[in-house]
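Per TrEMBL, domain 'DYW' is recorded for 566-658. Feature annotation from TrEMBL assigns repeat 'PPR' to 115-145, 146-180, 251-285, 352-386, 387-421.
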Amino acid sequence: MSFIVSKFKCKGITFFSLLHVSHYSSRFSTAAVASIEPKILPDFSSCIVQDKDLFLKSLNPSGTGLHVLDLVEEGSFEPHPTLYHLLLKKCTFLRKPKLGKIVHAHISNSHFRGDVVILNTLLNMYAKCGCLDDARNLFDEMSLKDMVTWTTMITAYSQHDRPLDALLLFPQMLSLGFFPNEFTLSSLLKASAALPDTPQIYFHGAQLHGFSFKFGFHSNVYVGSALLDMYARSGCMDEAHFVFDVLLTKNEVSWNALIAGHARKGQLDRALSLFLKMLRQDFQPTHFTFSSIFGACASTGSLEQGKWVHAHVIKSGGEIIAFMGNTLLHMYAKSGSIQDAKMIFDRLVKRDLVSWNSMLTAYAQHGLGKEAVQCFQKMLNIGLVPNGITFLCLLTACSRAGLLEEGQYYFKSMKRYNIEPGISHYVTIVDLLGRAGLLNEALRFINEMPIQPTAAVWGALLGACRMHKNVEMGSFAAERVFELDPHDSGPHVLLSNIYASGNRWRDAAKVRKLMKESGVKKEPACSWVEIQNTVHMFVASDDSHPQMGAIYKKWEEISARIKEIGYVPDTSHVLFYMDEQEREVKLQYHSEKLALAFALLNSPHGSTIRIKKNIRVCGDCHSAFKCVSKVVGREIIVRDTNRFHHFYDGSCSCGDFW
């Protein structure tokens, strides 16, 4: 890199700066620069003003806005391209687009107004500062463009969540005879990966892949990494692996893209396998690597694997910075360990709003409403302003903990922060009122909502009617749900439960018939438990597990013990008309009971049992688990689609409402 020391004195002030000249090396030789420098920048000696003083404001109110440009205007010295570049680069680095606009105005009135190199620097300044409209106006006004111009504009759109605008420039660029380089293609592929739906991603991305292959860029590390990220985001992991395998050179970005793709699909085993392979090939995982794996662990509730990766972060000396810490916190919370989630939150190097929202979400998932309220107050005390997500987490926590007054208070206080409640906020209030048994108030609240109630709103009322066995209102709420979302099986099952609990078997049968005629299928229930880093999955009446004989025997033993302390099978949860004995037998082999029996057989005595289920926990299983926690003296944590249930000493954290 070549430099010249520019030194000039005007009005008693000497300016001193290191100015890059390599940018113009193709247009000016070193000798040429040396020959023109004395004419433009006369040598004087006196006090020195450094680069930071280039942003001195005009001394005269009618000046340009910058003193150094005023000196040019006055003819104290001639303008030089390097001066404009230095000013624009400082504007870019300091994110000062207003000062950049002053420089832009001065360039427009100089003989450099058509200089493509200076205008590209100006375009880059607007792009990096997020002034996309100003960047596009400049781009359209430029009579002469080069490949840097097109790449800068495409990259600007790609990096600022305007992917379609970036992609639309590509055919225009090709029609004018420009061919993209590796940086252009990388930005275009990043733009295609950011499109809103998978078909669009694949459509544009596959065409760009063909273009990259045709012109020999597909094996380039930058283009290849962007390609495999595009395929991974569209869920095409076979194609992503193909691109990865043909890369001549791999870097952390390409590894991260592949790991993140498997993590998004919930394929934790594949993500961990790649992580280990990455380590063996001496690539250092980044915060993005760890965040992806923690996200996969959270989706599957894999606590042991998450702990192992967390231990690796500690051993490698990595700091738990905000975004990685947030995913780690989320992983522990979703895996049932709220204590570890709180520990991570307390140890975060820096907590942002996402960190606080993540902690509030964790408390909500585990039904810890009072702790959520305390956390929210601490957040306010340090001056952090809540957003709509914050209030949603807080209201959900209040709802699941039965904090009626607190929930109503915080819902009303949203106006204080100029936050308009969304449909999710209204759902939590209906759920809150329903939990308290205030079904008429909940219905009135729905009718008075300023926005149209959705299936989720009526579903919350339906759930409350199931809990409080209000058949009439439950039927009414179910009809509204069927109208708005006829393909969701959940409300049909809830209504069947309501009818069955009231021994209205004909009505329950009608609901089942309606489901069949409408093509609505109930998702098969399955439960899984992790023992010694191995996941064991069960479905109702399962006989495929190698230990099934021992599992059945164990549950029969446990069932006999809990009946001694008052457990009575709730046969209303069997949705078929059969005699009482047959219904009771069918209840005993639900998937969560089989998972529990297996865990009791294979886990250390006194250890916490963690079970995951893909749908809502059965009411009878819920009653049974409360009794089991008492007779075996162990905590049982069940994660279903709604929340966490912590069973201990005969009670559940949900207060029997979920």
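Placement of Cβ uses the backbone N, Cα and C atoms for every residue, glycine included.
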So which residues does the repeat 'PPR' (352-386) touch in its own chain, when a touch means Cβ under 8 Å and the partner is 6 or more beyond its ends? 322-323, 325-326, 329-330, 332-334, 338, 341-342, 345, 393-394, 396-403, 406, 410, 417, 419, 643-644, 646, 653-655
Give the residue counts of the repeat 'PPR' (251-285) per reduced DSSP state, in the order helix, strand, coil. 26 helix, 0 strand, 9 coil
As a test of reading the model: what is the averaged pLDDT for the repeat 'PPR' (146-180)? 94
DSSP-wise, what's the residue breakdown of the repeat 'PPR' (352-386) into helix, strand and coil? 26 helix, 0 strand, 9 coil
DSSP on the repeat 'PPR' (115-145): how many residues come out helix, how many strand, how many coil? 23 helix, 0 strand, 8 coil
